[in-house]
């Protein structure tokens, strides 16, 4: 394999070719920074968190593929991943994970001690998550914690503390993550049943759409509370209304539980998150 092909495999292992996960991590993180700052966050903190989201998402993808390397070859969507296909060795993947982890830790060292302390919890959660799919039917609920951990870290970086209001946004993102990652799990449900991978899509069974709807409603309520606790106004309210529209559209997409529309519903959440962030930021400007 040429150096160019090897570098391409490393980039795909870190999902640099599929930024959807980075965006889904980024929007709530940016919302947390804006809410904590009451508008424009500190530029240094903003840059560190944007880079940190990219790096930690890569870490999560690498350790996930390491954990699933023997199973991914049996799943249609994942059989071409670099570890499953043999393009990247286990040793290479672990080295890349350590390098990315050290880079992320170097970033948080530029922030206050509370952020550093919270970062240790974050990396532990990131390492544990991929293995939860073997022991629990609710790995999406654990993922919700992992993908929401940047929120208290963002508040801590901006304020030096994590106020009660931060947990409304944390709860909102947790519920939202469970909802959209269950949509994602619906894509792989048949393959997961064959290889023994557990998920909320399997756990919820024929009630999957209804339970996803309940999580979407819970996320909506918590996003509203996060906005109210920060005295947000009409522009953010318009973002909330748009978020409702996205949720209804996603319910339509997953109605027949077909793979392609379920994947489309998952991907649509990027736009929902972007609208929430943009309207929140605009609400502070207007």
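Note that Cβ sites are derived from N, Cα and C of the backbone, with glycine treated the same way.
Tertiary neighbourhood of the transmembrane segment (20-40): same-chain residues 46, 49-50, 53-54, 56-57, 60-61, 147-148, 150-152, 154-155, 157-159, 165-166, 169, 172-173, 176-177, 180, 226, 230, 266-267, 269-270, 273-274, 276-277, 280-281, 284-285, selected by CB-CB distance under 8 Å and a gap of 6+ residues from either end. Annotation comment: Swiss-Prot describes 20-40 (among others) as transmembrane segment.
Sequence-distant contacts of the transmembrane segment (43-63) (same chain, six or more residues past either end, CB-CB distance under 8 Å): 13-16, 21-22, 25-26, 29-30, 33, 93, 96-97, 100-101, 103-104, 107-108, 110-111, 122-123, 126-127, 129-130, 146, 150, 153-154, 157-158. What Swiss-Prot records for 43-63 (among others) is transmembrane segment, and it gives sequence analysis as the kind of evidence.
Sequence annotations record features per position, and here Swiss-Prot assigns transmembrane segment to 95-115 (among others). Beyond its flanks by at least six residues, the transmembrane segment (95-115) meets 10, 13-14, 44-45, 48, 51-52, 55-56, 58-59, 62-63, 66, 123, 153, 156-157, 160-162 of its own chain at Cβ-Cβ distances under 8 Å.
Listed as Cβ neighbours of the transmembrane segment (116-136) (distance under 8 Å, sequence separation of 6 or more from its ends, same chain) are residues 56, 59-60, 63-64, 66-68, 101, 104-105, 108-109, 142-143, 145-146, 149-150, 152-153, 156, 196-199. Summarising the annotation, Swiss-Prot assigns transmembrane segment to 116-136 (among others).
A Cβ distance under 8 Å defines the sequence-distant neighbours of the transmembrane segment (142-162), meaning residues of its chain 6+ beyond its ends; these are 24-25, 28-29, 32-33, 35-37, 41-42, 45, 48-49, 52-53, 56, 60, 108, 111-112, 114-115, 118-119, 121-122, 125-126, 128-129, 132, 136, 169-170, 173-175, 177-178, 181. What Swiss-Prot records for 142-162 (among others) is transmembrane segment.
The annotation transmembrane segment is assigned in Swiss-Prot to 167-187 (among others).
According to Swiss-Prot, the feature transmembrane segment maps to 210-230 (among others).
Residues or ranges marked as transmembrane segment by Swiss-Prot on the basis of sequence analysis: 235-255 (among others). Long-range neighbours of the transmembrane segment (235-255) within the same chain, counting only residues 6 or more positions beyond its ends whose Cβ lies under 8 Å from a Cβ of the stretch, are 180, 183, 186, 208-209, 212-213, 216, 220, 223-224, 227, 261-262, 264-265, 268-269, 271-272, 275-276, 278-280, 282-283, 286.
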